[in-house]
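As annotated by Swiss-Prot, disulfide bond applies to C38-C41, C102-C129. Per Swiss-Prot, topological domain 'Cytoplasmic' is recorded for 1-11, 64-70, 163-166, and the stated evidence type is sequence analysis. For 29-46, 88-143, the entry in Swiss-Prot reads topological domain 'Periplasmic', with the evidence type sequence analysis. Sequence annotations record features per position, and here Swiss-Prot assigns transmembrane segment to 12-28, 47-63, 71-87, 144-162 based on sequence analysis.
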Amino acid sequence: MQSFAFSTRALFLGLFAVCAGLLGFGLYLQHAVGLEPCPMCIMQRYAFVAIALTALVAGLHGPGRRGTRAYAAVILLLALAGGGVALRQTWMQLYPPEFAECGPDLEFMLGSFPLADALPMIFQGAGDCSKVDWAFLGLSIANWSLVCLTLVAVFAIMMIARKRGG
């Protein structure tokens, strides 16, 4: 019996398409539904953009085995970083701070403070980071982001462990 396997190029381009779809849905929720993203949502969005661009470059490049592992390792690190932000936001939604205040938006923080000072402020989150404005099947946007980034991390691990390149 002949086994069916997707090429590395097709898998990376498929990941790009999935991430582009997720980003498109996020933009739909922002512009059509009117949900404004909090700083943590924007950080997760950046992770998806970076994963999508890495997957696109990998798909167009069509690397061999070592290149596939290198691209997959970068994607894994990006998924873990984005997943960490999504996990923190999920925690804030489950256990909101007692006195939540809306903090400054991401642009203001990055434009007004050095990066070393802005990053801790972003990860502290704003009051609106703990608010659940939208849910599907009982999961918030942060929960869905965590699920998707976990699946991306599993994908990357499978690509690293894959026996064949190309």
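Heads up, the Cβ atoms here are built off N, Cα and C, so glycines get one too.
Cβ crowding, taken as the number of other Cβ atoms within 10 Å, peaks at C38 among the disulfide-bonded residues C38, C41. Taking every recorded stretch in 12-28, 47-63, 71-87 and counting its Cβ pairs under 8 Å to the transmembrane segment (144-162), the highest total belongs to 71-87.
Counting every protein chain shown, 25 other Cβ atoms lie within 10 Å of the Cβ of C129 (disulfide bond).
Within its own chain, the transmembrane segment (71-87) has Cβ neighbours under 8 Å at 12, 15, 40, 43-44, 46-48, 50-51, 54-55, 57-58, 61, 63, 123, 142-143, 145-146, 149-150, 152-153, 155-157, 159-160, counting only residues six or more beyond its boundaries. For the pair formed by C38 (disulfide bond) and C129 (disulfide bond), distance between Cα atoms is given as 6 Å, rounded to the nearest Å. When the Cα atoms are compared, C129 (disulfide bond) and C41 (disulfide bond) turn out to be 8 Å apart.
Residue counts for the topological domain 'Cytoplasmic' (64-70) under DSSP, split into helix (H, G, I), strand (E, B) and coil, are 6 helix, 0 strand, 1 coil.
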